[in-house]
Amino acid sequence: MANAVGRRSWAALRLCAAVILLDLAVCKGFVEDLNESFKDNRKDDIWLVDFYAPWCGHCKKLEPIWNEVGLEMKSIGSPVKVGKMDATSYSSIASEFGVRGYPTIKLLKGDLAYNYRGPRTKDDIIEFAHRVSGALIRPLPSQQMFDHVRKRHRVFFVYIGGESPLKEKYIDAASELIVYTYFFSASEDVVPEYVTLKEMPAVLVFKDDTYFVYDEYEDGDLSSWISRERFQNYLTMDGFLLYELGDTGKLVAIAVIDEKNTSLEHTRLKSIIQEVARDFRDHFHRDFQFGHMDGNDYINTLLMDELTVPTIVVLNTSNQQYFLLDRHIKDASDMVQFINSILDGTVPAQGGDSIFQRLKRIVFDAKSTIVSIFKSSPLMGCFLFGLPLGVISIMCYGIYTADTDGGYIEERYEVSKSEMENQEQIEESKEQESSSGGSLAPTVQEPKDVLEKKKD
């Protein structure tokens, strides 16, 4: 009986493994491996391509998601083909498309190449492909179509009117920013009745259950205005969003909380930020972005400081400055006063991108890297840092002892040289004495003895 149960369990496991392998094979079957022929054969189709490197860890994480993207695009009958290319093997093609890092996702449409900079999730990548592969400016022929778009998209832009210089600017902005948001065009009778326009033509953004009209005098360049307005007024923040918000020029007011903590203080600060974003939209939406962030890990890295949770911080992502609370925030009116104090300059900014802050950033990043390595793998940390330190220590010891031995040899050389000079001087003096003694011998007469005297 036990053997029979074991055999059935083993058969079930093998069946599950076979199903998983079959799913993987099916998913991979809808993602084409591209080679050098892709350069010449691609222009008749629209391609969504993942440029990867075999050794890249982020590329390996993206691979199963990319296979799901290929399967989904095929199942819905999308005209976009999904492929992947080893950018290290076909580096010339990757360079031609402007690949600078791995993985790089691009949608190739004719002679145009669009970079994907969003979250690496299946739904976000597929939405990007649909948005960019379609028409640059999509027409809204009826109010029913307008209502459908309104329900489907959280943020979208609409040009209302006929041919004009403003429409040309709108088309230019759309060609640059289509990777981020949707662009539509409509006639005045298609727009809902609650939309009031002072003049025509006009460009509007619909978001947060309301709309805003572009004013060239107050808002400046159209592309810059679209870049600022392409986000909802209140967002759940993460590192990617903060990076994207750096292009808007807006200050970002964030409630840093622990979403798992349901205490009053955490929910209160989040509610205050939401209330200010909603009720003071007309006052601050040009200059401020609002949201909350779960946890303080990313903020601590950005500020190079340890923030207590919960708290509120205002970031200037364009120059890395930040503002911390100078008062206790009781309600939305206190938060409004704090924001106004930032705008009028009475609250001092901290951080920045000065030379000192850059040096501080280098030291902080190095310290954080070392700490993270030792936390994740102490043995690896000891090997990575202990081995180089040991080699450097041995080299320093060798250099020091070499200098000492060299000094000793040099000193002995000097002593030997002086001894030789002394010896030469002694020998020279002896030679002089012997030579002087030989020259005096013939002139000195020895005393005669008695017999010699008698002979004389």
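For all residues, glycine too, the Cβ spot is worked out from N, Cα and C.
The feature active site, nucleophile is assigned by Swiss-Prot to Cys56 (among others), with similarity to another entry given as support. Sequence-distant neighbours of Cys56 (active site, nucleophile) (same chain, 6+ apart, CB under 8 A from its CB) are Tyr102, Pro103. According to its DSSP assignment, Cys56 (active site, nucleophile) is coil.
Marked as active site, nucleophile by Swiss-Prot on the basis of similarity to another entry: Cys59 (among others). On its own chain, Cys59 (active site, nucleophile) has Asp50, Tyr52, Ala53, Tyr102, Pro103 as residues at least 6 apart in sequence with a Cβ closer than 8 Å to its own Cβ.
Per Swiss-Prot, the feature compositional bias 'Basic and acidic residues' maps to 446-456.
Taken from Swiss-Prot, the feature disulfide bond applies to Cys56-Cys59, supported by sequence analysis.
Using a 10 Å Cβ-Cβ cutoff, Asn35 (N-linked glycosylation site) registers 12 neighbours. Taken from Swiss-Prot, the feature N-linked glycosylation site covers Asn35 (among others), and the record attributes it to sequence analysis.
Taking a C-beta cut-off of under 8 angstroms and a sequence separation of 6 or more, Asn261 (N-linked glycosylation site) has the following same-chain neighbours: Pro310. Taken from Swiss-Prot, the feature N-linked glycosylation site applies to Asn261 (among others), supported by sequence analysis.
Cβ neighbours of Asn316 (N-linked glycosylation site) (same chain, under 8 Å, six or more residues apart in sequence): Leu251, Val252, Tyr322, Phe323, Ala349. As annotated by Swiss-Prot, N-linked glycosylation site applies to Asn316 (among others), with the evidence given as sequence analysis.
Per Swiss-Prot, the feature region 'Disordered' maps to 416-456.
According to Swiss-Prot, the feature motif 'Di-lysine motif' maps to 453-456, an assignment based on sequence analysis. Looking at the motif 'Di-lysine motif' (453-456) alone, the prediction's average pLDDT is 45.
Marked as signal peptide by Swiss-Prot on the basis of sequence analysis: 1-29.
Sequence annotations record features per position, and here Swiss-Prot assigns topological domain 'Lumenal' to 30-378 based on sequence analysis.
For 379-399, the entry in Swiss-Prot reads transmembrane segment.
DSSP assigns Asn316 (N-linked glycosylation site) to a strand in the three-state reduction.
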